[in-house]
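Data first, discussion second: the structure below is written as structure tokens.
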Amino acid sequence: MSSQLIGLLCMAGMLGAIALRMPIALAMALTGFIGFGWVVAFGPAVSILESGAMDTLTNYSFSPIPMFILMGVFASKARMSSELFNGAKTLFGAWRGGMALAAVTSCGIFSAISGSSLATAASMAKVALPEMKKNGYASSLATGTLAAGGTLGIMIPPSIALLLYALLTEQSVGDMFIAGVMPGLLGLLLYMVAIAVTVWLKPELAQPGEATTLRQKIMGLKGVLPFGLVFALIIGGIYGGIFTPTEAAAVGAFGTLLIALYRGLSFQDFTDAVQETLIMATLIFFMVIGANIFGYFLSVSRVSFALVELVGSMDLSPALILLCILTLYIVLGMVMDSIAMLLLTVPVVFPLAMQAGFDPIWFGIITVITVELGLITPPIGMNVFVIKSVAEDVSIVEIFKGVVPFVISDIVRLGLIIGFPFLALGLVN
Amino acid sequence: MRQLIATVRLLSFYLNVLGGICLVSMMVSVLADISTRTLFGMTDGAVDLTFTGSFELVRYGLLFAMVFSMPYCLDRGQVVVELFTEGLSVATKARIAAFFTLFFGIFGALMCYRLLHSASAARLTGETTQDLLVPMSSIYTVAAVGMAMLALRGLSLAYSLWYQRDGDVV
């Protein structure tokens, strides 16, 4: 049996095992181990278990991951989201739908120090949802806004997804982060447009709040300052060549810790934050180890090369290749976690994208936006479930209805970035 | 059996605390490196508190933070696709989880065996880290402790899940 056929069989087996609730990390590792053993021999396959794990866990490039997570968790524990939302509320609150605008803006700003969509959605929902409900906002608009707003965390740097993509494809982490800025801000802008259009079409969904004075608006900006400071430190540091991503992550985590301590972070909160970070980090590292072991198998089975050759022989246009890849991501995004999906597919799909002549940074941004869509599309939509856990009285169907305008705006953003690549590459170049 | 499972959980919790300390130490060592470097630059080298080995401290800090935390976080640190098995009973889902958790235990045992093997090989060759000259055999041995705990935790968690009744873990 040819190594490519073994590769395809093992990959089919892996997808079947994942469908039967096998943890994705285990599915990748086991497929890598069995596949490598089948193609080469089982003795060396045991060795790749060790090297796959040790290479990952002693890789300096992966060290920013837990520290970026720590930074976001410190911000959550210090309830910085509350001050942020109150500040944004003074800016937009008086308009019809203003609180939804404030919520989505707060999500965007919170993303600047949290690399996780789920953490952003969870933190902001606890603060903004009760306020929106109190002010007579329709549940669908309130929950939909927060579920979608949370997705900004995956694009606005520092983003764990962009970091992992950069490491998987050997791109500069700094370039990936910088490339994420404009698409992230564009996403925020389009979400605001989506809210404005929704409220314009259905004014009964939201009520205007109390008007605020200019002084109150300026005072409200105080809540944004710590976020701006940490964001500038991280992105400015990496962009200016002052810090490596690891150093930026450490400085960011420490800076957020200082802000959190100033805001009264207790020792219990601190230890809880470290514990939460360890849980999230081990979740990611289990998957990265699995992906690494799976990567060894991909190399020896030559499945990726065969796929590239096959697509090359079919003489498909780059646009059609991109369409196929995006369709794959949208379908997978319906059933799979975003980070897992990236780790599982990028090693297979990336060579194909390079063969089609795509810019690797631009392709990364497109990939992450598509993955981001999966966070709010049925049936899984992880962010929707996070919001559901906070808004127990709102049905899942209602939340999914609420995210429809945001899904449309994400598709528009995807189209804009595909059509105008400088939106992703402008700052990098 | 309950006592044994509780003991394994407690030990893995203590190891997890060590993992947390490693994580915070990692952050502190990077900050110390940046601060001493900055001070060195600002004083034109007059105050030289710089130290070598920050790179290695981060690398092995990450290793120990993760290896020590994996056993305790095993039950919370997994991503599964639930769509196709949502209709199954709680007991069936628990048994599936038990079966797959067993593999993590086996993975831990294999890793422990391989790391101890690497440790003895490194002891023979006298291999050390480049900057801090820490014997690699010690690093492998300490990592093997974490993996041994992952093996124990995987087995005990699999047992608990298999005999779980009405959502209560044994």
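Heads up, residue numbers simply count up from 1 along the chain you see.
Each residue, glycine too, has its Cβ placed from N, Cα and C.
The domain 'TRAP C4-dicarboxylate transport system permease DctM subunit' annotation in TrEMBL covers A:13-421.
Taken from TrEMBL, the feature transmembrane segment covers A:29-49 (among others).
Long-range contacts of the transmembrane segment (A:61-80) within the same chain: residues 110, 113-116, 119-120, 122-123, 127, 158, 160, 163-164, 167, 173, 223, 226-227, 230, 245-246, 248-250, 252-253, 255-257, 259-260, 263-265, 269-270, 272-274, 276-278, 280-281, 284-285, 288, each at least 6 residues beyond the stretch ends and with a Cβ under 8 Å from a Cβ of the stretch. As annotated by TrEMBL, transmembrane segment applies to A:61-80 (among others).
The transmembrane segment annotation in TrEMBL covers A:100-129 (among others).
Outside the transmembrane segment (A:141-165), and at least 6 residues removed from its termini, the chain residues within Cβ reach (under 8 Å) are 64-65, 68-69, 71, 97, 100, 103-104, 106-108, 110-122, 124-125, 128-129, 132-133, 171, 173, 176-181, 183-185, 187-188, 191, 194-195, 198-199, 205-206, 234-235, 245, 248-249, 252, 284, 288, 338-339, 342-343, 346, 364-365, 367-369, 371-373, 375-376, 381, 383-384, 386-388, 391, 394, 398-399, 401-407, 410. Annotated transmembrane segment per TrEMBL: A:141-165 (among others), in sequence order.
Per TrEMBL, the feature transmembrane segment maps to A:177-201 (among others). Only residues 6 or more beyond the boundaries of the transmembrane segment (A:177-201), in the same chain, are considered here, and those with a CB under 8 A from a CB of the stretch are 96-97, 100-101, 104-105, 108, 111, 141, 145, 148-149, 151-152, 155-159, 162-163, 235, 238-239, 245, 361-362, 364-365, 368-369, 405-406, 408-410, 412-413, 416-417, 423-428.
What TrEMBL lists as transmembrane segment is A:221-242 (among others).
Summarising the annotation, TrEMBL assigns transmembrane segment to A:248-265 (among others).
Remote same-chain partners of the transmembrane segment (A:277-299), defined as residues 6 or more beyond its termini with a Cβ less than 8 Å from a stretch Cβ, comprise 7, 10, 23-29, 31-33, 35-36, 39, 48-49, 51-53, 55-57, 62, 65-66, 69-70, 73, 116, 119, 160, 164, 168, 339-340, 343-344, 347-348. Taken from TrEMBL, the feature transmembrane segment applies to A:277-299 (among others).
TrEMBL lists A:319-350 (among others) with the feature transmembrane segment.
Under the heading transmembrane segment, TrEMBL lists A:362-386 (among others).
Summarising the annotation, TrEMBL assigns transmembrane segment to A:406-428 (among others).
Among the recorded stretches A:29-49, A:221-242, A:248-265, A:406-428, the one sharing the largest number of Cβ pairs closer than 8 Å with the transmembrane segment (A:362-386) is A:406-428. Sequence-distant neighbours of the transmembrane segment (A:319-350) (same chain, 6+ residues past either end, Cβ-Cβ under 8 Å): 18, 24-25, 28, 117, 154, 160-161, 164-165, 168-169, 284, 287-288, 290-291, 294-295, 298, 303-304, 307, 311, 356, 358, 360, 363, 366-368, 370-375, 377-380, 382, 414, 418.
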